[in-house]
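Just below is one structure, and these are the notes that go with it.
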Amino acid sequence: MAGGAMVSSVGPNKSYNGGMTFYVFWAILVASCGGLIFGYDIGISGGVTAMHPFLMKFFPSVYEKEIGIQNTNQYCTFNSETLTLFTSSLYLAALVASFVASTVTRKFGRKISMIFGGLLFLIGAVLNGIAFNVAMLYIGRVFLGVGVGFASQSVPLYLSEMAPCMYRGRLNVLFQLMITIGILIANLVNYGSDKIKAGWGWRLSLALAAVPALIVMLGASFLPDTPNYLIDSNKHKEAKVVLKRIRGTDDIDEEYNDISLASQASKLVNDPWKKILERKYRPHIIMAALLPGLQQLTGINVVMFYAPVLFKTLGFGNEASLASAVITGGVNVAATFVSVALVDRKGRRFLLIEGALQMFIFQVIVGSLIWAKFGTSGVAVVSQPYAMGVVFCICCFVAGFAWSWGPLAWLVPSEICPLEIRSAAQSITVAVNMLFTFIIAQIFPWLLCNAKFGLFYVFAFFTLVMASFVWYYLPETRGVPIEEMWSVWKEHKVWGKYIPDDVMETEKTGKPSEEV
Ligand code: BGC
């Protein structure tokens, strides 16, 4: 298609030829398995740190405290820095790795990053499974973390670039769906391996991380790279073949040309990290950083990492705690399907606002129920129906997260940025997500011990901030082709002033603004 015709069709309502094909669905399904490794780890650490043989071997002081749980302040039982460092060290490694992954993803392709992520995760799983001292545990976690950093940097990009724009939302949500499935599988594995009488169940839990790692590694090696990457690295013939195959039509010229123009603009950029600081990328960078940061401030990982610990605090036995974690894990998976169904129909803004308000309500209720029973002393005996009521409210909170901020804090940053800064911006998203995950994981036991039930009110406050933030600042991106996003920003009443008119011209012609 000629450049002139393209100018007239630029805009949020543009759509390309071809639709959903089995091939693109298959490629996206395989790539989204990158979410499995992330999820498996999230789910496994909380359960393992609730297992007595694991605590006795690596964290004896926590074990001794737990044995005396009845007589102590239950808010403070699990307040051990070394134990929380076990959970959170992975996220520091992932944070650092995401910046390296940005260069690898941009220069060598999304596919190589995914394979590499799987490989490192595999090494970490083996080290953790055979660990005989705390040092080995931590080194294993660093490998796992680097693997997670690479996977979460490359997979969302891969999904957004491969998906036909009308289905981009729901296909991208598959990443989150795999995260939730990974968490649930981990919860189930923990539930089963805790029953191993000989006490090596924790080894099984940690070593089984090798399975999702192998799936990602092998699966990704059969995938094509994205047309956007192929065009960007001058593999034009291959790009056309892939584009025809994934769109199921030979009539791909319009999309091909748009990606080529985006690629030409992107090639003018030598240093995306310098580029991203320009004023016109302000809205992108703010969203890329704030969405994942706010996602963590919902307190979701307090439930994901510490559900068994939290349930023990509520007076559940070992088995009941792990079983309840399976319930919250199941709700997490089921509710993510709601997002798959609604994200391209209702749009991103609706889900993000509804989800935030739902989380607000249930955080407040959970905080109040815990306050009513445990007060500030932290000593109480909770009846079973009461504890089940708390579990129910936690499930409603998890559901609200799972169909909104869970998937969308990954989807939106991966679809809003132009090609020249897309990989760098995605690293910012991963890094901020990991940083906040680390901080929450690290300080939660301390916060629970000190802020007590008030902790839940703090998280509730943030969910209100999130709803208002989306209301005022986030434009709707549903159905907009990924290389056409400038128009969305330009039309927004807050962000429009950051987008100069000639950016739109550059978009249309592929030439830097001074040549237009
Ligand atoms: C978040 C994780 C969280 C998970 C829960 C993801 O989107 O990034 O931190 O544990 O959702 O399903």
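Quick reminder: no glycine exception, Cβ is built from N, Cα and C everywhere.
Note that this is a predicted model, so its numbers are computed, not measured.
Listed in TrEMBL for this protein:
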type	residues	note
DOMAIN	27-478	domain 'Major facilitator superfamily (MFS) profile'
TRANSMEM	21-40	transmembrane segment
TRANSMEM	83-105	transmembrane segment
TRANSMEM	112-132	transmembrane segment
TRANSMEM	138-159	transmembrane segment
TRANSMEM	171-189	transmembrane segment
TRANSMEM	201-223	transmembrane segment
TRANSMEM	285-309	transmembrane segment
TRANSMEM	321-343	transmembrane segment
TRANSMEM	350-374	transmembrane segment
TRANSMEM	386-412	transmembrane segment
TRANSMEM	424-448	transmembrane segment
TRANSMEM	454-474	transmembrane segment
Contact call for the transmembrane segment (112-132) and the transmembrane segment (285-309): at least 3 Cβ pairs under 8 Å, seq gap 6+: no
Cβ pairs under 8 Å between the transmembrane segment (386-412) and the transmembrane segment (285-309), at least three: yes
Mean per-residue pLDDT computed across the domain 'Major facilitator superfamily (MFS) profile' (27-478): 90
Selected stretch (most C-beta pairs under 8 A with the transmembrane segment (201-223)) from 21-40, 83-105, 138-159, 285-309: 21-40
